[in-house]
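These notes are about the structure you will find just below.
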Amino acid sequence: MDILNNRSSVSEFILVGLSTSQETQIFFFAIFFLVYVTIIVGNLLIVISVIVDNHLHSPMYFLLANLSFFDLCISSATTPKVMSDFLRKHKTISWWGCMTQMFFMHFFGGGEMSLLIAMAIDRYVAICKPLHYKTIMSHRVLIGFLLLSWVIGLIHSTSQMVFTVNLPFCGPNVLDSFFCDLPLVIKLACTDTYTLELLVIVNSGLLSLICFILLLISYAVMLVTIWQHSSSASSKALSTLSAHITVVTLSFGPAIFIYAFPFNSYSVDKFLSVFYSIITPLLNPIIYTL
């Protein structure tokens, strides 16, 4: 097969991880295990609650349940492998395992970003056009938002991975990370990757930055609308909006820093990687439920 020939002698990648100390790795395993269990339980509770509780059958909670599902998938794409590596002396991942991990990270990550935009639209209609809310945010529109999120996630991931899987890897295979990250993997290729680097910056970095700016502008408009109406309903809307702004900042912030400037001389900040793949899926259900 052409792909197998292209990757040449590299059949696996070595992960540096977060620490070389055995005691520290056991500590990290315990922390990651507790966080991952909390992520699974917290997000599943939101999904199940929205499904079984008739009072939560509204557009906002429908989108929230799907956001929780995306969080589950993003965390599950990396965390189980990371936890198993904490218990191993030699941390490796197969070539196909690495490519699969990156595909699903960007697939669900792109879908989640699209869903956050849909949630912003839902809040905009609810706050700025409340009389037309049920008409605009119909069941058909919600299904369209959800399908669009999946399609955008697929396009976002495939457009980068279709070039990455054909890169020749014939030399270094050490990744200074605890999971396969696209910018770091591309740097190991035995060929000129300038064009692909630009694609990653535009597709992941600038796209995240532009979406983040547009979301902030839309939330600013909503905040102005709320301040013009002093009532208990406006107070509740402000509380909900604050949760949305917090989640958007936590989701887009690390992604912008990681992928907008991914090919500098320094390695990708591991803290941001941990935050994006572990902490954000944990905080989302906490912030929204509170």
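Residue 1 is the first one shown; counting continues down the chain.
Positions of Cβ are set from backbone N, Cα and C atoms, glycine also.
Here TrEMBL flags 26-48 (among others) as transmembrane segment.
The domain 'G-protein coupled receptors family 1 profile' feature in TrEMBL is assigned to 42-288.
Sequence-remote contacts of a segment are chain residues at least 6 beyond its ends whose Cβ falls under 8 Å from one of its Cβ atoms, and for the transmembrane segment (60-79) they are 32, 35-36, 39-40, 42-44, 46-47, 50-51, 101, 104-105, 108-109, 111-112, 115-116, 118-119, 122-123, 126, 142, 145-146, 149, 179, 240, 277-278, 280-282, 284-285, 288. Among the features that TrEMBL reports, transmembrane segment is placed at 60-79 (among others).
For 99-121 (among others), the entry in TrEMBL reads transmembrane segment.
Annotation comment: TrEMBL describes 141-159 (among others) as transmembrane segment.
Taken from TrEMBL, the feature transmembrane segment covers 206-226 (among others).
Annotation comment: TrEMBL describes 238-259 (among others) as transmembrane segment.
Annotation comment: TrEMBL describes 271-288 (among others) as transmembrane segment.
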Exercise. For the transmembrane segment (271-288) and the transmembrane segment (26-48), check the count of CB pairs under 8 Å (sequence separation 6 or more) and say whether it reaches 3 or more.
Key: yes
Self-check item: Recorded stretch, among 26-48, 99-121, 238-259, maximising Cβ pairs under 8 Å relative to the transmembrane segment (206-226)
Solution: 238-259
Quiz prompt | Other parts of the chain folded back onto the transmembrane segment (238-259), taken as Cβ under 8 Å at six or more residues beyond its ends | solution = 60, 109, 112-113, 116, 119-120, 123, 127, 181-183, 200-201, 204-205, 208-209, 211-212, 215-216, 219, 222-223, 226, 268-269, 272-273, 275-276, 279-280, 283-284, 287-288, 290
Quiz item: Residues sitting near the transmembrane segment (26-48): Cβ under 8 Å, six or more positions beyond its termini, same chain?
Solution: 18-19, 64-65, 68-69, 71-72, 75, 79-80, 82-83, 86-87, 278-279, 281-282, 284-286, 288-289
